[in-house]
Amino acid sequence: MTADTIHPERKLGLLKGISMIVGTMIGSGIFISPKGVLEASKSVGLTMIIWLGCGVIAMLSSLSYVELGTFITKSGGEFSYILKGLPAVLAFLYSWCSVLVLRPAGLAVICLAFAEYVASPVFDACGPPVVFVKCLAAAAIILITAINCYSTDFAASIQVVFTVAKITALIIIIIGGFIMMGKGEFYDLPEGFTGSETSGSVIALAFYDGLWAFEGWNNLNYAIEELKNPYRNLPLAILIGIPLVTVLYLLTNVSYLAVMTKRELLRSATVGGLWADRVLGVAAIIIPISVAMSTFGATNGICFTSGRLTYAAAREGHLPQVLSYLHIRKKTPVISLIFSAIIALIMIIPGEISSLIDFFSFTAWLFYGLAFLSLIVMRFTKKDEPRPFKVFILVPVVMLIISVYLVVAPIVQNPDLGFLYAFLLIIGGLIFYFIFLHFKVQLPCMEAFTEFIQKFACVAPSKYKPPDHSKDNKL
């Protein structure tokens with residue numbers, strides 16, 4: 001197989017595309033502790049408005065990404081979009097932060113949550129041993145990575161199954177809540193906006209909390225080269241997936257507040273478990289199973305897209321080229337998937353990495369903002385290039401402003417040493433950029449190492465293949 005013929009295969013249809021978005025967005029949080037927004041807003045009515053507002057922001061962001069994804073049909077998400085419209089160093093910094101910290105840390109945290117929830121019923125009230133939880137989390141990372149290395153189609157099919165399972169669980173919660181309301185149980189729902197928070201800065205931070213529940217809205221853009229009919233399926237997957245998640249989040253919160261008071265919701269460590277005990281009785285085991293399936297599905301989505309980001313950055317020369325090699329028969333980015341898994345496994349060892357996610361999470365909106373800026377810039381610098389989908393220009397402008405605020409707000413409202421760590425990570429990225437990309441310094445052993453990996457793993461260099469315009473229908 002030559003570099004002229006090997007390329008990612010388009011295995012993802014509309015259903016699998018929707019599952020990549022929805023299945024990653026819906027994690028364990030909505031089942032365990034969806035209280036951050038309520039804690040900040042202090043009222044039921046304002047909580048619902050903030051959840052709806054977060055859904056609108058995710059939708060507007062996604063519309064901008066539809067234009068970017070159908071205009072730049074290369075995998076890699078923000079990396080490819082920033083690289084196309086802005087200086088290459090900014091794209092490198094995105095791949096540097098995401099590949100080395102954000103993505104592996106996210107994978108490790110979710111796998112630890114999965115392991116904790118699976119192991120808890122097996123042990124007594126003291127909880128499972130830390131070593132056991134870490135070993136189970138490591139096993140989950142290895143299993144999911146192996147699945148993604150084996151087959152793109154199989155990994156996407158698993159994502160469909162777990163997405164359907166978690167949606168079904170949320171529908172059970174929603175229906176159960178409405179049944180309880182039909183019996184006259186409303187608890188604090190009738191309070192409406194009583195006691196609402198009036199501080200603009202606090203409300204803004206409530207939005208910040210809510211938006212993290214929508215993380216994953218851009219997942220499909222990372223694998224656009226593997227999406228069938230991208231000009232049709234990317235917009236449809238986003239237009240179906242994000243409103244679906246928004247409605248599910250809103251109605252699930254209504255159901256929770258119909259079964260318990262605000263005080264109980266804020267104090268409960270497992271909101272879904274408390275709801276199940278009160279409504280489902282002996283069938284309450286459904287919720288722990290749903291949480292385990294939800295976290296496993298979200299982990300699969302993160303693993304899938306992490307490999308594609310690493311692959312895309314390496315193919316453009318921003319990471320070692322061997323990370324862009326595909327398996328000769330499976331056409332999967334096995335080296336980049338294994339690389340991401342190794343970093344995640346290392347992060348599991350200390351275990352206390354949730355704070356690491358908090359320190360660097362604000363940088364996500366920094367890079368989203370750069371993607372929106374790239375879209376705006378390319379409207380002027382590449383205005384003559386055809387665009388299958390064109391969003392109203394005010395949409396990315398508004399999202400750029402929101403992104404800037406979401407980056408600045410946590411730094412101003414709650415200065416923390418963690419932001420210094422993020423700054424140092426970016427400085428470290430700049431040093432590596434100038435050494436290895438600007439001055440093109442080559443490690444003497446890299447060629448021999450690449451040749452060894454190529455033979456050992458049965459991988460080969462890949463080439464970008466644009467969508468077939470004769471088969472892919474434009475909108």
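Cβ atoms are placed via backbone N, Cα and C, with glycine included.
Feature annotations, courtesy of TrEMBL:
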type	residues	note
TRANSMEM	12-32	transmembrane segment
TRANSMEM	44-68	transmembrane segment
TRANSMEM	89-115	transmembrane segment
TRANSMEM	127-148	transmembrane segment
TRANSMEM	160-182	transmembrane segment
TRANSMEM	202-224	transmembrane segment
TRANSMEM	236-259	transmembrane segment
TRANSMEM	279-298	transmembrane segment
TRANSMEM	334-353	transmembrane segment
TRANSMEM	359-380	transmembrane segment
TRANSMEM	392-412	transmembrane segment
TRANSMEM	418-439	transmembrane segment
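Using a Cβ-Cβ cut-off under 8 Å and counting only residues 6 or more beyond its ends in the same chain, the transmembrane segment (127-148) has close neighbours at 107-108, 111-112, 114-116, 118-120, 154-155, 158, 296, 299-300, 303-304, 307, 332, 337-338, 340-341, 344-345, 348-349, 351.
Comparison of 160-182, 202-224, 236-259, 359-380, 392-412 by number of C-beta pairs under 8 angstroms to the transmembrane segment (418-439) places 359-380 first. If you look at the transmembrane segment (279-298) against the transmembrane segment (392-412), you find fewer than three C-beta pairs under 8 angstroms, all six or more positions apart, and that falls short of contact.
The transmembrane segment (12-32) and the transmembrane segment (202-224) are in contact, since at least 3 Cβ pairs between them lie under 8 Å (pairs 6 or more apart in sequence).
A contact between the transmembrane segment (44-68) and the transmembrane segment (334-353) is absent, since fewer than 3 of their C-beta pairs, 6 or more residues apart, lie under 8 Å.
Taking residue pairs at least 6 apart in sequence, the transmembrane segment (202-224) and the transmembrane segment (392-412) share three or more C-beta contacts under 8 angstroms. With pairs at least 6 apart in sequence, the transmembrane segment (334-353) and the transmembrane segment (236-259) have fewer than 3 Cβ pairs within the 8 Å limit; the two do not touch.
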